[in-house]
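See structure below.
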Amino acid sequence: MTIILKDLSNSSILWEGFEDEFGNYSGTPPTEDYDYSPCEISTETLNKYAVVVIDALVFLLSLLGNSLVMLVILYSRIGRSVTDVYLLNLAMADLLFAMTLPIWTASKAKGWVFGTPLCKVVSLLKEVNFYSGILLLACISMDRYLAIVHATRTLTQKWHWVKFICLGIWALSVILALPIFIFREAYQPPYSDLVCYEDLGANTTKWRMIMRVLPQTFGFLLPLLVMLFCYGFTLRTLFSAQMGHKHRAMRVIFAVVLVFLLCWLPYNLVLIADTLMRAHVIAETCQRRNDIGRALDATEILGFLHSCLNPLIYVFIGQKFRHGLLKIMAIHGLISKEFLAKDGRPSFVGSSSGNTSTTL
């Protein structure tokens, strides 16, 4: 399917076959200064049926996996660490987002048929999931940096501080996502079905730039720099001091951070490229807009996939998580105590900070 841009009276634009963009902004009208010469813009996206199958699998895995993670952490009161509290909140964010996946999937297949209120709510949950995820991981990186590099008992060891920090992260995530919540609505573009989109009137381009740059700066780039700084020095300390026991205890945390970056970094890099194109920092052409639009579609699916991956990390890398899950199953008679004994009791590794070991 294509969109034909024509030089009509008053530079109006005829949009034919405008498809549901699903919140990633590709295929929107070009900026006001664009040269409106005839231009054929492809809106062909990934196979809808394949996307529906992937979303359905992600939904089921995320629903089951994150529920089990929350169960294991909440059940393991003894030995629960500050990091576990952060990971518990991370699982909550992924679970909340997973609950919206069926709605997003249906909108890909049939357009947005759920009205403006639900459009605002699911868009808010999607943004809050991303921002809370990277902010929680940034807090974990700072806690590990202080505990290992400086060998200090951090303020976050005081449980009331941990609660306030987590509440602050959720509040900041909502604030960063608030513009999307305010301006998203069920919108009817010309020659298209309803979409869940932000319609900002004549100043759409300018406001969309602001809505992108500020959250990307404070909700992605700055936390990413904090994580790179903290984990860079943490890794250097672990390897230079040959602290193998702490290195093993950090494997799960490093894996969680790595998977988050692999899933969400591509989408945000493409989004930055799209923003630069709309700001005329890089030239806007039909081909470039097509390429960025397809890249946004593909990388967004990768970002959605992240919501079901953390539980898999805990299962394959986190020995304590596996043992905690088997222990719960044994208590409820789902497996024998002999089978639990064969799994063995993982040793909890201590540290100078007192909280390097985690339930996972």
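Including glycine, each Cβ sits where the backbone N, Cα and C put it.
What Swiss-Prot lists as topological domain 'Extracellular' is 1-48 (among others).
Residues annotated as N-linked glycosylation site in Swiss-Prot, with sequence analysis given as evidence: Asn10 (among others).
As annotated by Swiss-Prot, N-linked glycosylation site applies to Asn24 (among others).
If you look up Swiss-Prot, you'll see 49-75 (among others) marked as transmembrane segment. Same-chain neighbours of the transmembrane segment (49-75): 84, 87-88, 91-92, 94-95, 97-99, 101-102, 104-105, 108-109, 301, 304-305, 307-308, 310-312, 314, 321, 324-325, 328, 359-360, counting only residues six or more beyond its ends whose CB sits under 8 Å from a CB of the stretch.
Per Swiss-Prot, the feature topological domain 'Cytoplasmic' maps to 76-84 (among others). Counted with DSSP, the topological domain 'Cytoplasmic' (76-84) comes out as 3 helix, 0 strand, 6 coil.
Here Swiss-Prot flags 85-105 (among others) as transmembrane segment.
Note on the topological domain 'Extracellular' (106-120): DSSP counts are 11 helix, 0 strand, 4 coil. Residues or ranges marked as topological domain 'Extracellular' by Swiss-Prot: 106-120 (among others).
Cβ neighbour count for Cys119 (disulfide bond): 25 (other Cβ atoms within 10 Å of its Cβ, all protein chains included). What Swiss-Prot records for Cys119-Cys196 is disulfide bond.
Taken from Swiss-Prot, the feature transmembrane segment applies to 121-142 (among others).
Residues or ranges marked as topological domain 'Cytoplasmic' in Swiss-Prot: 143-163 (among others).
Per Swiss-Prot, transmembrane segment is recorded for 164-183 (among others), and the stated evidence type is sequence analysis. Using a Cβ-Cβ cut-off under 8 Å and counting only residues 6 or more beyond its ends in the same chain, the transmembrane segment (164-183) has close neighbours at 85-86, 89, 120-121, 123-124, 127-128, 131-132, 135-136, 139, 156, 198-200, 207, 210-211, 214-215, 218-219.
Confidence for the topological domain 'Extracellular' (184-208), expressed as mean pLDDT, is 76. The topological domain 'Extracellular' annotation in Swiss-Prot covers 184-208 (among others) and rests on sequence analysis.
With a threshold of 8 Å between CB atoms, the same-chain residues lying at least 6 positions outside the transmembrane segment (209-231) that come near it are 127, 130-131, 134-135, 137-138, 141-142, 144-145, 172-173, 176-177, 179-180, 183, 198, 254, 257, 261, 268, 271-272, 275, 278-279. What Swiss-Prot lists as transmembrane segment is 209-231 (among others), and the listing cites sequence analysis.
If you look up Swiss-Prot, you'll see 232-251 (among others) marked as topological domain 'Cytoplasmic', on the strength of sequence analysis.
Residues annotated as transmembrane segment in Swiss-Prot, with sequence analysis given as evidence: 252-273 (among others).
The topological domain 'Extracellular' annotation in Swiss-Prot covers 274-294 (among others), and the record cites sequence analysis as its basis.
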Three-state secondary structure, which DSSP defines for Cys196 (disulfide bond): strand
